[in-house]
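J.: This is the structure I want to talk about, given as structure tokens.
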Amino acid sequence: MAASSALPGSLLMAALMLLSSIIQAQGITRHYDFNVTMANVTRLCGSKSIITVNGQYPGPQLVAREGDRVVVRVTNHVQHNISLHWHGIRQLRTGWADGPAYITQCPIQTGQSYVYNFTITGQRGTLWWHAHISWLRATVYGALVILPKVGVPYPFPAPDKEVPVIFGEWWMADTETIISQATKTGGAPNVSDAYTINGLPGPLYNCSAKDTFKLKVKPGKTYMLRLINAALNGELFFSIANHTLTVVEVDAVYVKPFTVDTLVIAPGQTTNVLLKTKPSYPGANFYMSALPYSTTRPGTFDNTTVAGILEYQCPEEPSSSPSFNKALPLLKPTLPQMNDTNFVGNFTAKLRSLATAQYPAAVPQSVDKRFFFTVGLGTLPCPGNASTCQGPTNTTQFAAAINNVSFVLPTRALLHSHYTGLSSGVYSSDFPNTPLIPFNYTGTPPNNTNVATGTKLMVLPFNASVELVMQDTSILGTESHPLHLHGFNFFVVGQGYGNYDPVNDPASFNLVDPVERNTVGVPAGGWVAIRFRADNPGVWFMHCHLEVHTTWGLRMAWVVLDGRLPHQKLLPPPSDLPKC
Ligand SMILES: *[C@@H]1O[C@H](CO)[C@@H](O)[C@H](O)[C@H]1NC(C)=O
Ligand SMILES: *[C@@H]1O[C@H](CO)[C@@H](O)[C@H](O)[C@H]1NC(C)=O
Ligand SMILES: *[C@@H]1O[C@H](CO)[C@@H](O)[C@H](O)[C@H]1NC(C)=O
Ligand SMILES: *[C@@H]1O[C@H](CO)[C@@H](O)[C@H](O)[C@H]1NC(C)=O
Ligand SMILES: *[C@@H]1O[C@H](CO)[C@@H](O)[C@H](O)[C@H]1NC(C)=O
Ligand SMILES: *[C@@H]1O[C@H](CO)[C@@H](O)[C@H](O)[C@H]1NC(C)=O
Ligand SMILES: *[C@@H]1O[C@H](CO)[C@@H](O)[C@H](O)[C@H]1NC(C)=O
Ligand SMILES: *[C@@H]1O[C@H](CO)[C@@H](O)[C@H](O)[C@H]1NC(C)=O
Ligand SMILES: *[C@@H]1O[C@H](CO)[C@@H](O)[C@H](O)[C@H]1NC(C)=O
Ligand SMILES: *[C@@H]1O[C@H](CO)[C@@H](O)[C@H](O)[C@H]1NC(C)=O
Ligand SMILES: *[C@@H]1O[C@H](CO)[C@@H](O)[C@H](O)[C@H]1NC(C)=O
Ligand SMILES: *[C@@H]1O[C@H](CO)[C@@H](O)[C@H](O)[C@H]1NC(C)=O
Ligand SMILES: [Cu+2]
């Protein structure tokens, strides 16, 4: 082809590419159709009818780019009420699409549809979506992958392949029966029978070897694992035998890379890691394993181990050949003891924001509103009589609270009540700033462990700079609580063990490059300090992401008021918003 005729063509091509990158920079709309349906799934030699999206378990992966609009039409074909939450999505001014039932919306009832409509602004990485009503997220969850804008590279070497690795929890029995039984007896719900990787329990359980996640890899490559902890109650240690993991991102925010043998991931958290495979065929297979981190009594949590297999493809065999690798030695990782709180503290202390010009850490340097919340367990009078009560004593049931308030879900949605100014009889705006009765939070627990119940919210003016210290308590035992805040990312500026010291501890706060995330573990017997800017008007749920604690009341909500300018106000509700 002559140069003279090629020139206009390539100019046209360049113009088209420029045009498409402009369109891409503004984002496109991604449509998804989510039918909530029942499906029969067999695990551990037992078949069970579960709630799913589109019959898939785990649910479909949602992929978008930073800047895109996501429109998900959810239709409920099952007998249970449902709502879906896009975990970690900021939902700027679109709280109506956030999802927690009775907080930002009424549930989608049988036969109804609701369209979740939101944009992804200033976020890229791994998040996830899950049901946000009762315990339905046990089976209703999936990955939410946010790619960077077109032409924007990762701030680390591009991986050869990206793979979602979602941890879950499997019960042989129906999870709705489990939690309603526990609520009736006041006792702790039955623990799960297995942990899962991408829905598969793996070879260490009875009758489960065929349900094993296998990651087939080639030597000398880099894989990015998008780790998501979708387990209901299990905070997890994760490791791959004879391989290291380089952490590059958590909760859809890049971090300064660091390399570990074992990492910790709490329910609600996501972590992207780079896995470099060995330079040549190693002649072995490797377990990737996860087991729980818990400081509670044995028997009160699922203490089993889930394993998947990292399988190198044999260089002599085509990748489609039957599993040649079966006869090879299988190497297992060494995981910490299940109660190794020091390991968890050391790991979380390594997390740091990138804090570069392109990815700055916008840590609030001054504070307008300061709060101190205790988070932990407590008791309430048992719902049954002493002969049927299965709580911590024969007259008390398990409960959990923030600043002694065990949060009761309303029967109407909080966001709509706030928006319409009809909060009376739905919620009150008197959530306490600090515990009403201070005590030695991590010392001998008080004699009266009963908590108060209520639907109390904390009101924040638009754009307030907030510092919140969350303190674990020793009432019924110290425990790590992964607290998740909807509508915001926050910076983890400090953490420590024992009681928070408001005089001396702030001196060690990191206001330069603290990690930015949406779910943070309040250390067992310790405290964590976070900062965020209340720049997103709406009603935002904050709760422990251990589902058992949320059920017991370890939850509350913030009301962030509208600002004065038009773009600082909550948008009006969509016309199909479910009613209750
Ligand atoms: C959802 O259900 C509708 C009606 O039953 C059907 O037309 C549609 O194809 C389904 N979508 C998916 C993704 O299964
Ligand atoms: C699940 O299995 C039961 C019992 O075999 C059957 O009646 C039902 O139709 C199945 N459900 C689905 C969604 O396949
Ligand atoms: C989603 O929201 C945008 C902005 O409000 C609106 O223009 C669009 O029509 C909505 N899409 C759907 C399917 O509701
Ligand atoms: C929970 O465990 C108890 C004790 O093992 C058992 O009696 C009960 O049936 C279990 N509940 C469910 C829903 O399986
Ligand atoms: C795996 O690690 C063990 C312990 O460090 C070492 O002895 C062994 O040679 C390694 N094997 C492979 C195949 O990398
Ligand atoms: C798990 O807990 C059960 C019940 O308390 C106990 O019998 C078992 O030894 C524990 N297993 C491990 C691996 O800790
Ligand atoms: C952790 O558990 C082990 C084994 O049960 C026990 O020996 C050890 O004292 C526990 N450590 C802590 C810090 O509780
Ligand atoms: C945690 O870090 C401290 C100080 O660096 C070290 O002494 C300790 O051994 C570490 N603990 C664990 C479990 O890694
Ligand atoms: C309840 O517990 C108390 C104190 O532990 C004991 O005296 C009483 O007999 C128990 N009652 C029943 C019905 O188990
Ligand atoms: C709180 O309890 C802890 C653990 O028993 C103890 O070490 C500490 O001295 C107590 N603090 C105060 C202020 O009493
Ligand atoms: C609990 O009650 C006992 C007996 O009344 C009292 O001696 C003790 O100080 C109380 N403990 C606390 C932590 O209030
Ligand atoms: C579904 O939600 C509505 C509205 O809150 C409620 O009235 C109804 O009882 C719920 N249905 C079920 C089956 O839980
Ligand atoms: Cu908790």
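From the backbone N, Cα and C atoms, a Cβ is placed for every residue, glycine too.
Residues annotated as signal peptide in TrEMBL: 1-25. Annotation source TrEMBL lists domain 'Plastocyanin-like' at 36-149, 162-314, 437-562.
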J.: Under DSSP, the domain 'Plastocyanin-like' (36-149) has how many residues in helix, strand and coil?
T.: 6 helix, 58 strand, 50 coil
J.: For the domain 'Plastocyanin-like' (437-562), what does DSSP give as the number of helix, strand and coil residues?
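T.: The breakdown for the domain 'Plastocyanin-like' (437-562) reads 10 helix, 58 strand, 58 coil.
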J.: Take the domain 'Plastocyanin-like' (162-314) and average the pLDDT across it for me.
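T.: Mean pLDDT, the domain 'Plastocyanin-like' (162-314): 97.
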